[in-house]
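Working notes for the structure below.
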């Protein structure tokens, strides 16, 4: 058994987006924190978030209204307590973000007072979205990254992937099962390191990379969900994958999102002949929840045999469009399209994982000392469909609550002196990496075709059979060859793909983001789809 380089901290945070960094900054006043980032520290879904953060700042709005809008969007299976918990703590947590230096757009009211410019997005009954033009995530992420990198108690490790969690019972330690650290793949040095930690937090984001078309960056491979499942944690509602209705249809920008706020400010969805179709689908038109809009676009494309639909805001004044959407306007100009003059081609794409690792109000999972916050988690906030701009808010609120719980418990947690080293004595360098590439493409294509916007029981059964075969191939490959970034992500993706399909097969109805032709109606009563591991997987 080889000797493994070792790291040590009070709290290991796996992920460097809004959830991970807000938690790190709250904890670092009293505790030593390590933050893992799979790529450059700012490369994650937070950085690319365009819309904004939902919170009640307008005196005509109310927390009760925010709660009701979220419950309606969630199609009847949100956890009301979780929704009220998030909405009631929203303003305080957004104010904390402002105190860190995040600059949201402001405007001068008719009475001469300056206030935050609030926009409205799908599902919201009021203007309550704080934003920084059309690049809110970039403003949030760069501010938090700067604060974290300059904090003496925070060590940010870039190009570092968590391989797996280290759990106490695998080491023969007495007492409740708890996390004691993790193995980390250092891509810079191409070796596996062992990290001792009193608490470990999964802030790894979602799993939209499991689909062929996604708005997410390449790192969204479901790592935290897969690691938590292997450690023995329950997962829930993974059948609810949000497909953003309006990803740009262009070969040079396949991951580029056209924010919900465009429709909030009056953009229309049109067929290739220029006619609108959303007013015939829903009384809210283009401001209907995302699942309804995405399904409508998918239906129109299939019915017409069209490659895309079109998003048109050219009827608004040019200056208005350029002022409110400067980043999108500039990006489209680079691609030869003028947002102020012409309709823009759009298609739905996998955007957000509404389910995840089951947690409580403090982000606690089923394993002591292991937390999950942000998109990786299932809090009950989103139900069967996430309402726009509640995702960054969820990151902030659970970053705050998890920090309180970790800080409260820290004095009673004792670190483990010796952790098992990573064993590479029986593996060799990969022989044919084409195996990984082939399985990668096959998995993402079958998930898109069989487990996409519209599903059937037969499609799900086909998907599960093929996923099971892929798992066997990938597990064999993982057992015999040294780890690599692509292998780690593929192993996690195929695990999450299985969980998505199993959750989808449990739900004998159509609800929110899960639509199946075999059960097109919504049941009168329903709840979350919860999967429990029979036995935790054995770490290598």
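Heads up, residue numbers simply count up from 1 along the chain you see.
Quick reminder: no glycine exception, Cβ is built from N, Cα and C everywhere.
Under 8 Å, Cβ to Cβ, and six or more positions away along its own chain, residue 290 (active site, proton donor/acceptor) finds 122, 123, 242, 243, 244, 245, 260, 351, 385, 386, 388. What Swiss-Prot records for 290 is active site, proton donor/acceptor.
What Swiss-Prot lists as FAD binding site is 16-19, 38, 45-52, 223, 375, 391-392, and the listing cites similarity to another entry. The local packing around residue 391 (FAD binding site), expressed as other Cβ atoms within 10 Å of its Cβ over all shown chains, amounts to 28.
The annotation site 'Important in orienting the L-aspartate substrate' is assigned in Swiss-Prot to 121. DSSP assigns residue 121 (site 'Important in orienting the L-aspartate substrate') to coil in the three-state reduction, outside any helix or strand. The Cβ of residue 121 (site 'Important in orienting the L-aspartate substrate') has 51, 52, 129, 260, 261, 263, 264, 287, 388, 389 as same-chain neighbours under 8 Å, each 6 or more residues away in sequence.
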Distant-in-sequence Cβ neighbours of residue 19 (FAD binding site), under 8 Å, six or more positions away: 203, 373, 374, 375, 394, 395, 396, 398, 399
Neighbour-count leader, CB within 10 A, binding-site residues: 16, 46: 16
